[in-house]
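Trainee: Annotation source TrEMBL lists repeat 'PPR' at 170-204, 271-305, 372-406, 473-507, 574-608, 675-709. Per TrEMBL, domain 'DYW' is recorded for 890-981.
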Amino acid sequence: MELDFLAAHMRNPPPIFRGIFSSLYPVPKTCLILCPDKPQLGNISLFPSVHFSCFSCAALQTIEPNSSSVENPKLQYSFGSKRLIKEVKYGAKERFLILNKKKGVKWYSEMLKDYATKLCLKEGKALHGEIIRSCIETDSHLWVSLINFYSKCGDLVMAGNVFDLIPERDVVSWTALIAGFIAQGYGSKGICLFRDMRGENVRPNEFTLATVLKGCSMCLDLEFGKQLHAEVVKVAGFSDIYVGSALVDLYAKCCELESAVNVFFSMPEQNSVSWNALLNGYVQAGQGEEALRLFSKMSDSEMRFNNYTLSTILKGCASSPNLRAGRVIHSLLVKIGCELDDFTSCSLVDMYNKCGLQDDALKVFLRTKNPDTVAWTAMISGLDQQGQKREAVQLFCLMRHSGLRPNQFTLASLISAAADSVDLICCKSIHACVYKFGFDSEECVSNALIAMYMKFGSAFDGHRVFSSTSNGDIISWNSLLSGFHDNETSYEGPRIFRNLLVEGLRPNMYTFISNLRSCASLLDATLGKQVHAHVVKANLGGNKYVGTALIDMYAKCGHLDDAEVIFYRLSEKDIFTWTVVITGYVQSDQGEKAFRCFNQMQREAIKPNEFTLASCLRGCSGIASLDNGQQLHSLVIKSGQFNDMYVASALIDMYAKCGCINSAESLFKSVESCDTVLWNTIIFAYSQHGLDDKALEAFRTMLSEGTLPDRITFIGVLSACSHLGLVKEGRRHFDSMKVVFGITPSIEHYACMVDILGRAGKFDDMEHFIDDMELAPNALIWETVLGVCKAHGNVELAEKAANILFEIDPTAESSYILLSNIYAIKGRWADVSKVRALMSRQGIKKEPGCSWVKIDNQVHVFLSQDASHPRLNDIHKKLEELASKITAAGYIPNTNYALHNVSDKEKIDNLSHHSERLALAFALMSSNRNSTARIFKNLCICGDCHQFMKLASIVTNREIVIRDINRFHHFSHGMCSCKDYC
């Protein structure tokens with residue numbers, strides 16, 4: 001009766017009753033409701049109407065069952081085999097009371113464990129509140145349960161607060177808090193807590209040591225780990241398998257593999273954890289083959305391996321790469337039934353991708369029942385790394401259709417793929433996707449975005465992303481630097497590099513490579529040397545990638561001696577290093593050195609790639625080395641690289657510049673598809689060889705096939721129009737550049753139009769054209785004017801052009817020579833003397849005319865009036881014999897081309913011993929009667945020698961090819977391919 005009365009009045013009890021009950025039990029506001037599936041909290045009245053003989057419980061809880069428990073009135077909560085609660089009734093509901101104080105504490109611990117497993121932080125906090133209100137006497141087990149609960153739910157602040165309330169902290173409570181911080185990724189904090197524990201003279205147990213060693217592995221704190229190793233030995237904890245495994249893991253992750261092996265084989269026994277730790281260490285150190293050998297030992301020891309072990313080995317196969325071993329591991333996965341496991345399928349996809357078998361990787365991926373984000377990311381990343389950029393982007397679209405949310409690594413791989421495969425608009429939409437999923441603050445994503453914008457030349461957008469990053473690391477700075485290599489923005493590279501140093505960041509090899517590329521574009525060797533000093537300071541001078549960038553910088557700046565020093569100091573040279581130095585020689589017009597370097601590369605068993613071959617072919621073009629070029633052609637065929645556009649273009653150019661226009665034409669016709677560069681090459685080849693009709697025909701075919709011309713194309717087209725005297729057509733092509741193709745004419749195009757008008761004798765139109773030019777006339781324009789004045793003998797305009805050139809560049813030799821020759825042709829010898837005296841005062845010396853011919857792989861050089869050749873007498877005899885036949889054929893020397901004020905006899909004698917005639921005589925007496933005589937000359941062939949060669953081709957019945965400074969002249973049957981345009 002008393003309890004019935006109390007229950008009826010407890011909702012609003014008088015103050016006296018509140019005082020009585022508060023002394024027995026503090027009344028909580030919320031109570032725990034036990035349901036069949038999981039505990040919940042509810043606000044219900046505390047005291048039902050109960051009937052029992054003894055009211056002596058210290059902890060009173062009311063529990064209201066859910067609907068299912070109403071249907072089953074006999075529902076009860078048991079702990080183990082003992083009944084923990086007693087069933088009582090209140091109307092149609094059930095209530096449960098905790099009857100035993102000791103068992104109640106244990107029950108709380110179990111409930112906290114359950115909440116920790118399910119990460120129910122809110123419910124667990126409510127339960128903690130119940131514990132506080134109940135004034136239950138908390139034991140050490142319950143304290144540890146609370147710390148574990150908060151740690152696993154990620155609330156480390158509350159875990160620390162609970163820890164601070166423990167009256168007597170033992171090793172278990174310390175270990176619980178340390179484990180909580182380490183489990184949440186705070187390895188350094190865990191180590192600090194361990195130091196505090198030792199400061200309170202609490203001795204660690206095996207679990208403490210294993211946990212702290214895990215923290216050392218996490219933050220790679222090898223020094224403290226070694227101190228712990230000493231403590232392990234001191235407390236005889238080394239026999240514990242978990243401590244031993246943690247030590248193995250620490251040394252393996254810190255790349256101390258020798259120590260890891262020593263610990264591993266010193267352990268009394270090994271388990272799969274210690275094996276996996278050691279295997280993972282070898283894989284992370286890039287020693288995949290050693291990991292495979294260790295795995296073989298593991299298999300021989302009959303140790304059971306799990307899918308984690310096989311996944312680790314697959315990573316080793318991917319890094320090797322070892323496809324054969326990877327397939328063996330794949331078969332083991334099939335055997336143990338883990339092939340389609342999400343964890344191992346990701347490793348399989350990664351292994352096949354890195355071994356270059358994207359089809360097999362895709363098969364594994366498609367067989368995975370429910371691929372997660374990691375699996376999708378592995379497949380997207382693999383396609384990206386193997387160059388299948390568009391496929392990677394398409395796969396991401398499929399992933400989004402499947403409803404999966406990408407992570408930061410998915411987006412980073414996607415951005416990398418998109419930067420090389422789609423347009424800038426699509427890339428910006430991917431950037432919007434990054435914002436949508438909230439990954440804009442992730443460093444790996446931001447760095448990928450910066451690099452993407454830089455690849456598209458959108459430096460403003462890239463810099464804006466960089467500026468938005470709160471803590472830009474060295475990768476962020478390198479991504480920013482990667483966009484400042486072209487001529488227009490290269491000056492930004494050194495400035496960014498300076499800011500990087502001011503920020504206190506340490507540049508790595510990628511930083512130096514990007515900055516050296518900027519210096520190379522700027523042609524600033526002084527700045528490059530300063531960067532070189534930083535390279536030496538960073539101890540990266542021997543790095544082959546940085547060394548290659550240094551060689552490229554010095555070579556492009558014209559410091560080949562410095563480039564050679566770095567090249568020969570490098571202990572390791574790859575194909576890119578060799579290609580850079582070969583290209584440096586070619587760009588410096590040292591073709592012979594380039595080919596010698598190429599031969600040395602082959603002797604060292606380095607296979608050339610398409611860039612190496614293209615550079616060497618350019619070198620052969622520069623020195624007109626047909627024999628070497630033909631050897632390279634055979635290598636191109638052997639390596640199957642003829643379909644590469646750069647190689648094909650270089651081959652066509654080589655044959656054209658060696659005088660073999662027919663071979664160049666045949667090669668061009670054999671190319672399956674042509675780009676703009678190939679069309680430009682053949683158009684220029686035709687134009688150089690006097691086949692201007694074919695050049696214009698090639699241009700028309702190019703347009704009909706849908707290939708767009710560029711600025712280079714129009715230089716070749718306008719040159720052909722000039723040679724053919726096509727004024728109207730030349731003007732039409734010039735106007736179409738801007739109107740039809742959107743190409744702004746450069747100074748070279750204006751020079752071509754000046755040449756077209758001048759060669760046609762339209763001097764008034766030419767001068768009006770120069771006056772109306774959108775660009776200011778420079779030296780190239782006036783040199784062109786001077787050239788056409790020589791062809792037409794226009795002395796007055798020639799003097800005007802020469803005077804302007806003398807003001808622009810007083811040291812330019814060609815201006816003085818052209819004006820002097822114009823005076824000489826007109827017989828104005830006094831003016832010739834004045835020009836030569838002016839040259840002398842300026843310290844300018846005329847380059848002597850020379851010609852050379854290659855016979856039996858040996859180059860023979862001849863100067864005018866040369867007397868140095870060992871077979872000079874034979875050459876003169878052959879030349880006299882040839883001259884008599886040519887004179888009989890109607891040759892009359894034209895003394896207007898003898899540019900010295902001497903007697904006519906001396907003029908004729910000088911003409912007869914011009915260098916190209918000496919070279920021709922030697923070629924005729926030293927080569928096969930049916931072969932073509934190929935002669936090269938450093939200056940223009942004079943009109944008299946041009947006539948001589950035409951007649952020589954008749955009397956010798958041989959083709960004579962002469963390449964002068966402007967073009968090729970093919971002499972055959974008394975005709976020249978230039979149509980007397982000399």
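Our numbering is plain: 1 for the first residue shown, then up by one each step along the chain.
From the backbone N, Cα and C atoms, a Cβ is placed for every residue, glycine too.
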Trainee: By Cβ distance under 8 Å, which residues at least 6 away from the ends of the repeat 'PPR' (675-709) in the same chain are close to it?
Mentor: 645-646, 648-649, 652-653, 656-657, 661, 664-665, 668, 716-717, 719-721, 723-724, 729, 741, 743, 967-970, 976-979, 981
Trainee: Suppose you look only at the repeat 'PPR' (170-204); what would the mean pLDDT be?
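Mentor: That stretch averages a pLDDT of 87.
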Trainee: How about long-range neighbours of the repeat 'PPR' (170-204): same chain, 6 or more residues beyond its ends, C-beta under 8 Å?
Mentor: 140, 143-144, 147-148, 150-152, 154, 156, 159-160, 163, 211-212, 214-219, 221, 224, 231, 235
Trainee: Mind checking which residues of the chain, 6+ beyond the ends of the repeat 'PPR' (372-406), have their Cβ under 8 Å from one of its Cβ atoms?
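Mentor: Answer is 342, 345-346, 349-350, 352-354, 356, 358, 361-362, 365, 413-414, 416-418, 420-422, 426, 437.
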